[in-house]
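Student: Here's the feature list from Swiss-Prot:
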- H65: active site (ACT_SITE)
- N138: active site (ACT_SITE)
- Y348: heme binding site (BINDING)
Amino acid sequence: MDPYKHRPSSAFNSPFWTTNSGAPVWNNNSSLTVGSRGPILLEDYHLVEKLAQFDRERIPERVVHARGASAKGFFEVTHDISHLTCADFLRAPGVQTPVIVRFSTVIHERGSPETLRDPRGFAVKFYTREGNYDLVGNNFPVFFVHDGMNFPDMVHALKPNPQTHIQENWRILDFFYNFPESLHMFSFLFDDVGVPQDYRHMDGFGVNTYTLINKAGKSVYVKFHWKPTCGVKCLLEEEAIQVGGSNHSHATKDLYDSIAAGNYPEWKLYIQTIDPAHEDRFEFDPLDVTKTWPEDIIPLQPVGRMVLNKNIDNFFAENEQLAFCPAIMLPGIYYSDDKMLQTRVFSYADSQRHRLGPNYLQLPVNAPKWSHHNNHHEGFMNAIHRDEEVNYFPSRHDTVRHAERVPIPTTHLSARREKCNIPKQNHFKQAGERYRTWAPDRQERFLRRWVEALSDTDPRITHEIRSIWVSYWSQADRSLGQKLASHLNMRPSI
């Protein structure tokens, strides 16, 4: 008997009600009782099973990116980059690969409004012939801190106060003044783009620096950029209040309704590349996740397009159980020494094992669509049917073999063990440059948001903390620092 043929699914439904084990249920409305008024009998197994299943419906919420929406579609290569990478799904223009994408807010809970000022997650899973590839990013090109050691504390500071369960400004300001590299990220978060209009009208970025390797073994650093063909649109404060007040799931609804109506969202994929031999030529560290690569000296190169043309069939199966991890790579794409990326490689998979179990990659939405083979087996919720006798390697009785060798970066490393910051700091220049590109009204809105944050009357936002933030923004842009100090009745200092 085929163990998969009769697996419970909507495609193999019974015409009548059953228990989980398949026994017929003749009454799904009434408990088994002594007489018509009770008490209820414990022997009513269907009642016990129904309640027990209900009690366990919820799984642990993602510690970040809890609120999200997913959609399916395809990625198509439009420009040849085979000279940069040997990744099979990027081998030639015209090649299409199925994808599933999850958009999300970052900090707030699963049921929170989608109009809050918060970064947005932008994660893409490619189902390729060489296995799955996860490109896990955000709608901003940079991050708050450049060392993953600080990530748990950063999330704690952004999350609600553990005593009151309220997100509070003083905690955010108190934590991040210790990390001036966060200024660049705040130039995005407190900008108009801090509240996207919806998921269709926002950029996506791989954020971290990765590595591309071609067939000859030549490697380059790479940054990934998704650009929506319908443009970037944002909600200002009054608009966010109005939209969020009428529908706290507006972005999820917009995504679903647009696809259902045939108005398919589309993004163009671009890359930037740097030869690792030239990484010391820049005034920033290319592996610093708090910095962007200036497009005037490192131009965008077109790669392909992504179209989302199918809604998910089940929210739990294809959104809540959908799991991403930057460690899931393919031949031709590799990690870099980006400190934040290095910690994400471990933390994401570890989080999914906690949330979904050790066999989370067997769930249909996470499983590869191509054949695979290894000796990772058993454990909680194992769903793979195996009938082989040999579960070790190597063996003369098993024909499975090693795959062909694939190129990986061959950088030679020699240094002392150290715990230290990235040597090239330069925390303020890019934040200031970004601010100066805006129109005056956009600058004024940015200033107003910072004045509001620093004017919070909580006594834990001390004069010292305000002074530090004014100093930081003064170093980014002198006029911005002066305006901020003036609104706060303070003296600007650098």
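Positions of Cβ are set from backbone N, Cα and C atoms, glycine also.
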Student: May I ask you to report the DSSP-based helix, strand or coil state of the residue listed as 'heme binding site'?
Tutor: helix
Student: Below 8 Å Cβ to Cβ and six or more residues apart, same chain only. Which residues does that give for Y348 (heme binding site)?
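Tutor: The answer is V136, F324, C325, P326, A327.
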Student: Could you state the whole-number distance in Å separating the C-alpha atoms of N138 (active site) and H65 (active site)?
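Tutor: Checking the Cα atoms of N138 (active site) and H65 (active site) gives a distance of 10 Å.
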Student: Test of understanding: give the count of other CB atoms lying within 10 angstroms of the CB of H65 (active site).
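Tutor: Looking across every protein chain shown, the total is 23.
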Student: Could you check what DSSP calls H65 (active site) once collapsed to helix, strand or coil?
Tutor: coil
